[in-house]
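Listed features, source TrEMBL:
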type     : residues : note
TRANSMEM : 21-41    : transmembrane segment
TRANSMEM : 53-74    : transmembrane segment
TRANSMEM : 86-106   : transmembrane segment
TRANSMEM : 112-133  : transmembrane segment
TRANSMEM : 145-165  : transmembrane segment
TRANSMEM : 171-191  : transmembrane segment
Amino acid sequence: MLFMFRVTFRRVIRKKSTEEFSCFPYIIGLLNCLLFTWYGLPVVSYKWENFPLVTVNGVGIVLELSYVLIYFWYASAKGKVKVAMTAIPVLLVFSIIAAVSAFAFHDNHHRKLLVGSIGLGVSVTMYGSPLIVMKKVIQTKSVEFMPLPLSMCSFLATVLWLIYGLLIRDIFVAGPSAVGTPLGILQLVLYCKYRKGSVVEDPSKGDLEKGNLEKVEMEIGKVEMNVTNHMNGHS
């Protein structure tokens with residue numbers, strides 16, 4: 001996640017624009033962290049058996065919320081509406097899930113079953129969200145909006161969570177990573193294939209720069225001519 005902030009949002013802040021980056025992965029990531037933090041708390045799990053989930057996803061909530069707020073700040077008016085229309089229902093859904101699991105069920109087993117099942121679906125969606133970016137990579141033959149550190153970090157995270165889930169024998173933890181690991185490998189394959197086309201030039205931008213250069217040259221020529229005439233007049 002730190003890679004995500006340094007690579008993607010450093011660019012967003014520098015350019016003061018969200019460009020072609022999508023807010024969807026970060027909002028789904030926020031929901032995923034909220035669900036698995038709740039899943040790891042003693043309200044749902046038995047005592048602190050899933051304490052690592054609480055610590056890791058607790059930090060994830062802070063980071064993902066920061067990403068969403070930065071994205072919202074630098075998004076266009078249309079982009080801000082899109083963020084709000086996506087984030088508000090997501091937070092409402094989490095609130096409903098938390099309330100139902102806490103008050104409708106009276107044992108840890110059924111609470112874990114409810115929250116874990118929903119968390120499993122959300123995690124699969126989160127790991128599948130890069131498919132949007134991968135489609136763009138294939139269409140443009142450019143990895144400009146799929147940085148290598150982000151892809152590598154996502155791949156390593158899924159592998160580690162898969163190993164942890166298998167060790168504690170929890171399908172709700174290991175399951176999403178079983179989907180995320182192949183997708184992470186696919187991202188790395190696409191990066192290796194299209195990395196040479198990472199710089200996409202805008203033809204219109206090139207024409208504009210060429211026109212500006214010609215104008216500058218003309219102005220320099222005029223100045224030189226004026227200086228020459230002025231010197232000839234004095235002579």
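Using the three backbone atoms N, Cα and C, a Cβ is placed for every residue, glycine included.
Of the candidate ranges 21-41, 86-106, 112-133, 145-165, 171-191, 21-41 contributes the most Cβ pairs within a distance under 8 Å of the transmembrane segment (53-74).
Between the transmembrane segment (86-106) and the transmembrane segment (21-41), the number of CB pairs under 8 angstroms, six or more residues apart, is three or more, so the stretches are in contact. Within the same chain, residues 1, 3-4, 6-8, 19-21, 52, 127, 130, 133-134, 136-137, 171-178, 180-181, 183-185, 187-188, 190-191, 195 sit at least 6 positions outside the transmembrane segment (145-165) and bring their C-beta atoms closer than 8 Å to a C-beta of that stretch. Long-range contacts of the transmembrane segment (21-41) within its own chain (CB-CB distance under 8 A, at least 6 residues past either end) are made by residues 8, 12, 50-54, 57-58, 60-61, 64-65, 67-68, 71-72, 75, 79, 82-83, 86-87, 90, 93-94, 97-98, 101, 112, 115-116, 118-119, 122-123, 125-126, 129-130, 132-133, 145, 172-173.
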